[in-house]
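Taken from TrEMBL, the feature Zn(2+) binding site covers CYS51, ASP53, HIS104, CYS107. Feature annotation from TrEMBL assigns region 'Disordered' to 198-217.
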Amino acid sequence: MIPTTPDEALAELRAGNQRFVTGVPQHPNQDAGRRAAVADGQHPFAVIVGCSDSRLAAEIIFDQGLGDLFVVRTAGHTAGPEVLGSVEYAVTVLGTPLVVVLGHDSCGAVQAAREAVRTGSAPAGHLGAVVDAVSPSLLRAAREGVEDLDGIVDVHIAQIVETLLARSTVLAERVAGGACTVVGMSYRLSGGEVRTVAQSPDPLPAPAAPVDPALAG
Ligand SMILES: [Zn+2]
């Protein structure tokens, strides 16, 4: 069944990641039948705004197949105009109910940006654009007293979730209307699991435990 709501989409991604982590992937939707079925149209249930790192292949780590994920990847999972346009295409034209910002530990792009800021030297060529896109997260991490690389990655993931919503009016409207959720996740290279570090709208808090009448007095 194709997930059609943000909650269903998130549950399917988490289930797929769990299959991958535990070594029992199903490799769904990867055969000739699926290829033929989606040739005339796509209805991906999640957009992945992920880092380009070669170890972060979305369909593999979430155990999905053809037509399931709409994937936009840049080094350091940035949120420039082409990325925003791609996200907006998926959520408006394709009706995708979930956007995931996907970072990971030991991110080379975040590391390179940190080095560039620390040494005050601009990297050569277009690599400077990656550094510029990550720099606001470095400043935020510094303000928040976060110094370790993986902590900075978490800040950057949360920053990109907020940036997508701040820069894309149409995405913010979809989220406000309940049609779409934006989640920031961090992937661990060695274990393969994803961890949620940011979510908009905030997930509902766990319901309070019922009061025991015998104790209520
Ligand atoms: Zn990376």
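Using the three backbone atoms N, Cα and C, a Cβ is placed for every residue, glycine included.
The Cβ of CYS107 (Zn(2+) binding site) has 27 neighbouring Cβ atoms from other residues within 10 Å, across all protein chains displayed.
The Cβ of CYS51 (Zn(2+) binding site) has 25 other Cβ atoms within 10 Å, all protein chains considered. Taking the centre of the Cβ atoms of CYS51, ASP53, HIS104, CYS107 as the Zn(2+) site, the nearby residues of that chain (Cβ within 8 Å, site residues left out) are GLY50, SER52, ARG55, LEU56, GLY76, HIS77, LEU102, GLY103, ASP105, SER106, GLY108, ALA109, VAL110, VAL153, TYR187. Residues within less than 8 Å, Cβ to Cβ, of ASP53 (Zn(2+) binding site) and separated from it by at least 6 positions along the same chain comprise ALA75, HIS104, CYS107, GLY108, ALA109.
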